[in-house]
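J.: Following this message is one structure expressed as structure tokens.
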Amino acid sequence: MPWFNRSIHIFTETEVANEPRDVKNRAFPHALIIGARKAGTSALQDFLKLHPKIRAPSHEPGWFFVNSKYTKGLGYYRTRLPPLQENQISIEKSAEYFHCPYVPERVWSFNSSMKILLIVRDPFVRLVSDYMFLKRYNKAPHCIEKKYTFEELAYNFTTGRVNTRWACLKRSVYFVWFQEWLKFFPREQILVVDGDDFAENNPGTELIRVENFLGVEPLLTEKYFFFNETKGFYCVKKTGCLHEGKGHEPISVAVKVEGMIRDYLRPLNRKFYEMVGKDFGWQ
């Protein structure tokens, strides 16, 4: 079954409100982390789960708003969500939501008040990470990332042009996807998190913004974290480091190819800056 089917019934807020109460007090999400892929969505969710008022599923609930899971209905979706105690909220994330054309409408129809979290990072760095992830983990027989080098996919050496048709590169053109979300959600309902700052500096700085956006007491402040000199990144004082085994061995991209890709992305990045109201300073 294709991921997107225009004939699929779209659930409405009325249907959501009339869905029978769950005996385990599992509630539909208050907020969604929609992406971007390979920009820090898992780290953002895992840090937020440390807050006593925030719950999230242990695993992504099957990209509910994206593929055939959507046709399984609201009851199925709720079974994939965590039970809540009094005054708790739930969040759900899928790094695929941001890049999928039908998802904004489905989410808006489901809950027009949904709070949207988007974490982004340097689009070239994200692109390389996306390529490495697919090359290492994608099991689909048609996965081109397993068959070709980064340079072969990103650059046409015959024409001397960037391969703008490559899906991984398209996912780094943030403004194209962001404008689809703005068709349904007001800008103030979407919080954009700086993934580079989140990864390289004390995450408490960005987490305070997220906590305020979600309407919970800001507990995950800078004091909650420490810089682990051995690992080279910030960890939680009480529970240690997250995702210790996550990541990929860095690859060396040809300087010419990197330069061409960054030149291609630069004006597109500026369009995103204008939409968001922030200059991220990407090269």
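Backbone N, Cα and C define each Cβ position, glycine as well.
TrEMBL annotations: computationally assigned, not manually curated.
Model, not experiment: these values are computed from the prediction.
Grabbed the feature section from TrEMBL, which reads as follows:
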{"type": "DOMAIN", "residues": "29-242", "note": "domain 'Sulfotransferase'"}
{"type": "ACT_SITE", "residues": "LYS38", "note": "active site, for sulfotransferase activity"}
{"type": "BINDING", "residues": "ARG121, SER129, TYR234", "note": "3'-phosphoadenylyl sulfate binding site"}
{"type": "DISULFID", "residues": "CYS235-CYS241", "note": "disulfide bond"}
J.: Between 0 and 100, where does the mean pLDDT of the domain 'Sulfotransferase' (29-242) sit?
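T.: 93, rounded to a whole number.
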J.: Name the secondary structure element type, per DSSP in three states, that contains SER129 (3'-phosphoadenylyl sulfate binding site).
T.: helix
J.: Hey, how far is ARG121 (3'-phosphoadenylyl sulfate binding site) from CYS241 (disulfide bond), Cα to Cα, in Å?
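T.: Distance (Cα to Cα, whole Å): 21 Å.
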J.: Return only the integer: C-alpha distance in Å from CYS241 (disulfide bond) to TYR234 (3'-phosphoadenylyl sulfate binding site).
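T.: Just about 7 Å between their Cα atoms.
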J.: Tell me which of the recorded positions SER129, TYR234, CYS235 ends up closest to LYS38 (active site, for sulfotransferase activity) in space, Cα to Cα.
T.: SER129
J.: Among the disulfide-bonded residues CYS235, CYS241, which residue has its Cβ surrounded by the fewest other Cβ atoms within 10 Å?
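T.: CYS241, out of the disulfide-bonded residues CYS235, CYS241, has the fewest neighbouring Cβ atoms within 10 Å.
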J.: How big is the gap, in Å, between the Cα of SER129 (3'-phosphoadenylyl sulfate binding site) and that of CYS235 (disulfide bond), rounded to a whole number?
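T.: Cα-Cα distance, SER129 (3'-phosphoadenylyl sulfate binding site) to CYS235 (disulfide bond): 21 Å.
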J.: Under 8 Å Cβ to Cβ from TYR234 (3'-phosphoadenylyl sulfate binding site), same chain, six or more residues apart: give me those in sequence order, or none if nothing qualifies.
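T.: Within the chain, TYR234 (3'-phosphoadenylyl sulfate binding site) has Cβ neighbours under 8 Å at ASN201, ASN202, PRO203, PHE225, PHE226, PHE227, ASN228.
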J.: Across the record's 3'-phosphoadenylyl sulfate-binding residues ARG121, SER129, TYR234, the largest CA-CA distance in angstrom?
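T.: So the binding residues stretch over 20 Å, Cα to Cα.
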